[in-house]
């Protein structure tokens, strides 16, 4: 039997199909090539019908591509490939040898090599799963700052010692802050350290879709085996499990099985585990068994560093003052920064003009106008007052009770971070306070964000609300 032809088909199908779909339906097939007939053996009638219905055209196309006019007949059977003793090689005459040597090289290259499936275990192992990881996302090109420092350090430790350092590792924060980049970076580093590691990255919705498909097709055991056999499971946006009870039930058992096997789990969400609504308490409790780390919006210095790094990747010189101008005005997330820089670079390429502050102001005029319109001191005051269930008048008053003073300090710090107003202007907007009061408030909040988890959470939540 020849494994090389079917192996070629498998390798290409793995590239074309989702990882779980390939593992569930295509990988279990066994193949035998005899008398120009390729027979595919399925473990049961259900799998046979499913493969023939869903993948026949793809398999036929690949056979045509690899064999040309010599395409073998294709048939399907239920069962296992028969194991037979190797046949003795036929006696070859000088004419046979001459005929083979004179055959076109292309046909010789296409001719299958007859050997058993198990003769090439490394090749088979190579197609057993697909990680879905983005090779471009590495630790080397992740820009570190105070906002993501702890998350990056934890991710590095997990990649060096998966299943033992922090398990699970739970990263949370707003959209576009680098959580997905860190997931891929961990996965890529694990594989770099151990090329045989089975690491799978996916969005939580993909897990749900795979489970639903498995239930519909009576293949839940294959589904379980696949997900519980990985060395590291990286799931993005776990909050999409909300209100999906059957998916939560299955993930609960998968989670337990992986932890018992010291297999690494890394999850991300847009909010703290206990704040995820629609998810069972037993799952939320398990999310916090390892290490939970917040990824916050990047501070000004990190935003500047991100812009400089991205410009360098594009081989574009970006002056410090230009990077500062963009970073000062676009504060919500990394994705927004990258999008703005891409637009600036594209405009510069189209027009041939140098990238100056005036050029950036023109290229991003609609984006900058929208940002200034969305985030105002008035809007900040209303949002903070609503968040703490007090009145805007309280923020402007002379009251010094902690229930009012702390929200007032937070609002001042947010005004400094999210607007272009000067300290005196911010002080005037808060009941005519002196600029030194605003400066003290900003420094106090910066200190509390380091010391108090609650203040850190409140600040991140307000930033996310105001920037969305």
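Yeah, the Cβs are placed from backbone N, Cα and C, and that goes for glycine too.
Under the heading region 'Domain I, interacts with DnaA modulators', Swiss-Prot lists 1-84.
Taken from Swiss-Prot, the feature region 'Disordered' applies to 80-106.
Here Swiss-Prot flags 84-131 as region 'Domain II', drawing on sequence analysis.
Under the heading region 'Domain III, AAA+ region', Swiss-Prot lists 132-348.
Sequence annotations record features per position, and here Swiss-Prot assigns ATP binding site to 176, 178, 179, 180. In the three-state DSSP scheme, residue 180 (ATP binding site) falls into the helix class. Neighbour density for residue 180 (ATP binding site): within 10 A of its CB lie 20 other CB atoms from the protein chains shown.
The region 'Domain IV, binds dsDNA' annotation in Swiss-Prot covers 349-468. Mapped onto DSSP helix, strand and coil, the region 'Domain IV, binds dsDNA' (349-468) counts 93 helix, 0 strand, 27 coil.
A simple way to gauge crowding: the CB of residue 176 (ATP binding site) has 17 other CB atoms within 10 angstroms, across all the protein chains here. DSSP places the residues of the region 'Domain I, interacts with DnaA modulators' (1-84) in helix, strand and coil in these numbers: 47 helix, 17 strand, 20 coil. Neighbour list (residue 179 (ATP binding site), Cβ cut-off 8 Å, at least 6 residues apart, same chain): 151, 171, 172, 173, 236, 268, 295.
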